Amino acid sequence: LGLLYQEYRDKSTRQEIETRRLQDSQTEPEESSPSEETTPSEAEPASTTESKAPPQISLLRNSNSRFNLWQDLPEIRSSGVLSILQPDEIKLQEAMFELVTSEASYYKSLNLLVSHFMENERLKKILHQSEAHILFSNVLDVMAVSERFLLDLEQRVEENIVISDVCDIVYQHTVNHFSVYITYVSNQTYQERAYKQLLQDKPAFREVISQLELDPKCKGLSFSSFLILPFQRITRLKLLVQNILKKVEEKSDRENTALDAHKELETVVKACNEGVRKMSRTEQMISIQKKLEFKIKSVPIISHSRWLLKQGELQQMNGPKTSRTLRTKKLFREIYLFLFNDLLVICRQIPGDKYQVFDSAPRGLLRVEELEDQGQSLANVFILRLLENADDREASYMLKASSQSEMKRWMISLAPNRRTKFVSFTSRLVDCPQIQCVHPYVAQQPDELSLELADVLNILDKTDDGWIFGERLHDQERGWFPSSMGEEILNPKIRAQNLKECFRVHKSDDSQRRKLGSRNRQ
């Protein structure tokens, strides 16, 4: 493979986007594969095959591609197998083949990170041993695991021209070896901070990194794009297994193997995400604790099971007692909210970047209610009810947000079980608005959702000022993001197929939940 993994991954996701665009524009999408995901290899121009061979799977033609289709390999074309296999089986072969070729591309990029950057003699002299350890973490372990994984995959491909399965290999390696990814990804917060600090404090480091990045081997890619490879790969690997799972025959051994592999990969990905969050959350909670001064009975903020969901300023409407002096007093005054996963703290900002806490309540005892439009002064106003506040009494606050999206974001965060405009796909709704991501987005606030290219999401709510509250199909993560990051999927058949595939991928999770629910009821 001539491509580094960053290039491979970018081509793959962009082709998925283009394929969905083409399918979405069709009034009568083909029933056989209405949400077919393309692989990078599918961008290769159609090669000359026997007239009885099935048509090319590709919906795109990109003459600049450097990938090969499984069906374009000389061994496959000369074997005559293409005239025997059903089109669905060929699509499955392509999906398994992509998992193998993408691992080869990923290993190549990892190898470059180690040989070109980590083992550079000038860089070794500049970095202290502890700095190098934080920067590169256990990347050697990750590369060794990738090499072993790739060797097993290649051996399977060489066993027979028709690939029997790859998900059994994925399962074995995930269970026995992929824990190295959790170690690497959990270090990400410290890695990013160390990199920024080194760029700032050590001009020699900055100079060497810039020179190394200019080397043609790197193909214009940054050092940081190499550092983030393991996290991107473990997430992508889960999606590649999902793609295989959508194509295997139902109730078959290959489906069971794919479900097992997917479940184990999902466990690793979740552990990676939790590792990153745990590092940043602990520091954030310590920082918040230092800023709070309690006017009421003090509440311990720092807890291993607590994290911040949202913080920010809102306007509180003054109560009836001040109505006589409205001419001299503002109708609204500023308050500041810290909302944690289990607790709400209501404050007023005081000098010295401090916050004075005057009320609090468990998050489970919060209720919200949107006010009907009462004119400009009461636009974006909602009622927040504390069923039991710090004084063990019920309390109500009339709060004004700066915009409609900010109001909705606060209301959903404060009362997450409140019904949204569009129901989640998990309710098994036949149809639901959907959007696919066409621009990557990095979350700026805790209630936002970072998006990768080609992510497909159900739209749960949207605002008039350009924000969407969505639920990503492949992992059910929820959050807000700008509507400009995606394109709505308009074809109802494509939306239905996306949901069907999603239910299939997660059906083992569903059965597990049903068993759990049954046990709980008993």
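Note: Cβ is positioned from N, Cα and C throughout, glycine not excepted.
Predicted automatically and left uncurated, TrEMBL annotations should be read as such.
These figures come from a predicted structure and were not determined experimentally.
Annotated features, as they stand in TrEMBL:
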COMPBIAS  9-23  compositional bias 'Basic and acidic residues'
REGION    9-55  region 'Disordered'
COMPBIAS  35-51  compositional bias 'Low complexity'
DOMAIN    91-275  domain 'DH'
DOMAIN    307-419  domain 'PH'
DOMAIN    430-491  domain 'SH3'
Looking only at the domain 'PH' (307-419), what is the model's average confidence as pLDDT?
86
Using DSSP, tally how many residues of the domain 'PH' (307-419) sit in helix, strand and coil.
23 helix, 53 strand, 37 coil
Go ahead and report the DSSP secondary structure tallies for the domain 'SH3' (430-491): helix first, then strand, then coil.
3 helix, 29 strand, 30 coil
Can you tell me how the residues of the compositional bias 'Basic and acidic residues' (9-23) break down into helix, strand and coil by DSSP?
15 helix, 0 strand, 0 coil
